Amino acid sequence: MAADSKSDRGDLDALMGKMKSAAAPFRETLQKLHRDHAPINSGAVASYIPELAGASPDWFAISVVTADGLRFDVGDSDRLFSIQSISKPFVFGLALEDHGREHVLSKVGVEPTGEAFNSIVLDEATNRPLNPMVNTGAIATADLIKGKDQAERFKRLMEMFRRYIGREAYVENATFLSERATGHRNRAIAHLMMNFGMIEDRVDETLELYFQQCSVLVDCHDLAVMGATLANGGVNPITGERALKAEYVKDLLSIMLSCGIYDFAGEWAYRIGLPAKSGVGGGIVAVIPGVAGIGVFSPPLDEKGNSVRGVRVCKELSERFGLHVFESGGAGKSLRDEMSPRRSGS
Ligand SMILES: NC(=O)CC[C@H](N)C(=O)O
């Protein structure tokens, strides 16, 4: 997308949150981004979970929420959909809070798989799934969530999502039941891991919890708030409530950067360079550390299970604003520093 440097500057100001009055040009940029990407008609809506097949390929939203609480929403930004795999880093964060880093890492690794999200590959040398962003590792992570019984584990999960999205979190029952009835591959994965002693023997409970976390309803704006919460050191910038201990924010972001986009993660890190997570419901959350969260929602997926429009919108935003976390300009003097009013002291 071509744009003169003057309007880029205005967009940047809005993104920086330095002047509330500069918000309008950035909103226009997002509207144009939405208009430009709406005609894309490649990709296919996920259907392996029957309930997802009813999504319209035309639903499309882009949201950005800055770490200091400015909000930008275009398109179908309040249409609810199931969070699916985007739940994975956030549940991983709760497991870290429940057990600490070393115990969690003894149960699930942090190596990219280069495999599809539902791959059955496990690290037999260390007796762990490879990372918490693929189904094996996410089921092992759900196994770690503490609670005296299933109800309490579920409540703690919902409470965690509430802190990130700033309102009560709900599971969409139809999606949950649909995946529970058809999730034979995940069931097989869980039993295989139980056989190897990678997870405890409450396998049905843990699978329920995993299917429930995937069925949490969010809209695109919620995704941006979740991303902004991570961008803001774990504190939800809209409610001011802490959702994650500050010490674990980097755990989530590093694993999102290396493993969040499955077998496209390497290319994503190279080209787009933002910690991110996608889900088969069509959502993508991306984080500009210290600056903002980005949410994109569009159900048609590419062959790797990532939203086609979502990947393209994130790529365009990253290139246009130089958002790659390793953007040249110097480690200490990066654009990110300039973009954060608090860090730059302005
Ligand atoms: N990539 C995804 O979003 C996958 C999540 C989905 N619930 C599954 O387990 O298959």
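Note that Cβ sites are derived from N, Cα and C of the backbone, with glycine treated the same way.
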Residue among N127, N186 sharing the substrate site, where TrEMBL lists S85, N135, E179, Y210, Y262, V280 as binders: N186
Cα-Cα distance, maximum over S85, N135, E179, N186, Y210, Y262, V280, record's substrate binders, Å: 20
Assigned element (helix, strand, coil) containing Y262 (substrate binding site), judged by DSSP: helix
Other C-beta atoms that fall within 10 angstroms of the C-beta of S85 (substrate binding site): 25
Binding-site residues (N135, N186), the one with most neighbouring Cβ atoms at 10 Å: N135
Contacting binding-site residues for ligand 1, chosen from S85, Y210, Y262, V280 when the Cβ sits under 6 angstroms of any of its atoms: S85, V280
Y262 (substrate binding site): tally of other CB atoms within 10 A of its CB: 23
